[in-house]
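**Student:** So Swiss-Prot says this about it:
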ACT_SITE  Glu96  active site, proton acceptor
DOMAIN    102-342  domain 'Radical SAM core'
DISULFID  Cys109-Cys345  disulfide bond
BINDING   Cys116, Cys120, Cys123  [4Fe-4S] cluster binding site
BINDING   Gly170, Glu171, Ser202, Ser224, Leu225, His226, Asn302  S-adenosyl-L-methionine binding site
ACT_SITE  Cys345  active site, S-methylcysteine intermediate
Amino acid sequence: MIASTGKTNLLGLTQQEMEKFFDSIGEKRFRAGQVMKWIHHFGVDDFDAMTNVSKALREKLKACAEVRGPEVVSEDISSDGTRKWVVRVESGSCVETVYIPQGKRGTLCVSSQAGCALDCSFCSTGKQGFNSNLTAAEVIGQVWIANKSFGSVPATVDRAITNVVMMGMGEPLLNFDNVIAAMHLMMDDLGYGISKRRVTLSTSGVVPMIDELSKHIDVSLALSLHAPNDALRNQLVPINKKYPLQMLLDSCRRYMSSLGEKRVLTIEYTMLKDINDKVEHAVEMIELLKDTPCKINLIPFNPFPHSGYERPSNNAIRRFQDLLHQAGYNVTVRTTRGEDIDAACGQLVGQVMDRTRRSERYIAVRELSAEAETAPVAATRT
């Protein structure tokens, strides 16, 4: 457990919250913008370094506030440029953040919880159970740490991080308020100024919160599907028993429609040998998604000890992909990145106890992040 200082952590405050904070200490609201730029654009955590802030205000801030991100436990860099950070949060648990570069694009995969309560059968985090929600500061702190690590400050100039995906450890919609606040900071010009099309939230299917999402934010949405029928999905993703497929897809369509633009849902589908990789599964998937504008990301499973699952053959994956292509869907197969630093999916057993095993996580979310700039709407199933 990391000891709390009792001070207000400014790192996770949205612009509105920051303005209220300055009101509360008797200062002008414009100070909020000044301080936010120092924190997020320049990566500053020392009030004395904020040179356009008066000395009196700096002293006041030091007495009642702080800028504190998660503690970096380790940082590793792969031969392919993938980076992985293990960070410790206030609860004492460790979570992971992974950066995947590709050309001019750099995607950061961010965690939202330590542990997970959803108990997906191919996910070791689910077997470990839920530990804690990350605070807004701990969620946005992963972006802050990565940005500082690259030395890409100010954040709006020659940025290394062009896309963020909430696909790390945990179910983002079960930490709704903190994740929403952090995503607002990702997109705010006083934060990281990332386009709404380049911020993606991935969910296993918490239907009420999908319906709530459009009232609070406009970001891209990805659905962890993993099965084309309720019977199989009930086994793989138990939350499906509460929110079955048609209910779930209806909520996703409502959300996408609410955006008022030609946006498509990303479908994530972890491929498990002899479980969900057969021709009949592809046929079911084609029928299931016929009314859902979407692109599909097939994710070959990376086995881990005692998982009970195996990766399908390349032929089985290609056959599945071809069937979906022939039906008119835009389909990609995830490419594994960062294996030499154990940043590839399923490679971190024993290093961090509370880590995700959702097999779609961490790497090769590059396909997702490319949607806005490389996937024309005409190439998607409508």
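Including glycine, each Cβ sits where the backbone N, Cα and C put it.
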**Student:** In whole Å, how far is Cys120 ([4Fe-4S] cluster binding site) from Ser224 (S-adenosyl-L-methionine binding site) when you measure between their Cα atoms?
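**Tutor:** So the alpha carbons of Ser224 (S-adenosyl-L-methionine binding site) and Cys120 ([4Fe-4S] cluster binding site) sit roughly 11 Å from each other.
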**Student:** Starting from Cys116 ([4Fe-4S] cluster binding site), work out which of the recorded positions listed here (Glu96, Gly170, Glu171, Leu225, Asn302) have their Cα within 10 Å, and give them in sequence order.
**Tutor:** Gly170, Glu171
**Student:** Please report the Cα separation of Glu171 (S-adenosyl-L-methionine binding site) and Cys120 ([4Fe-4S] cluster binding site) in Å, rounded to an integer.
**Tutor:** 11
**Student:** Could you check which of the recorded positions Glu96, Cys109, Cys120, Cys123 is the closest Cα neighbour of Ser202 (S-adenosyl-L-methionine binding site)?
**Tutor:** Cys109
**Student:** Around His226 (S-adenosyl-L-methionine binding site), which residues of its chain at least 6 apart sit with Cβ under 8 Å of its Cβ?
**Tutor:** Cys120, Phe122, Arg233, Leu236, Val237, Glu268, Tyr269, Thr270, Asn276
**Student:** What's the CA-CA gap between Asn302 (S-adenosyl-L-methionine binding site) and Cys123 ([4Fe-4S] cluster binding site) in angstrom, rounded?
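**Tutor:** A Cα-Cα distance of 11 Å.
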**Student:** Can you figure out which of Glu96, Cys109, Gly170, Leu225 (the recorded positions) comes closest in space to Cys123 ([4Fe-4S] cluster binding site), comparing Cα atoms?
**Tutor:** Gly170
**Student:** These are the recorded positions: Cys109, Cys120, Cys123. Which one scores highest on other Cβ atoms within 10 Å?
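**Tutor:** Selected residue: Cys109.
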**Student:** Can you tell me which recorded positions out of Cys109, Gly170, Leu225 are within 10 A of the residue listed as 'active site, proton acceptor' by Cα, answering none if there aren't any?
**Tutor:** Cys109
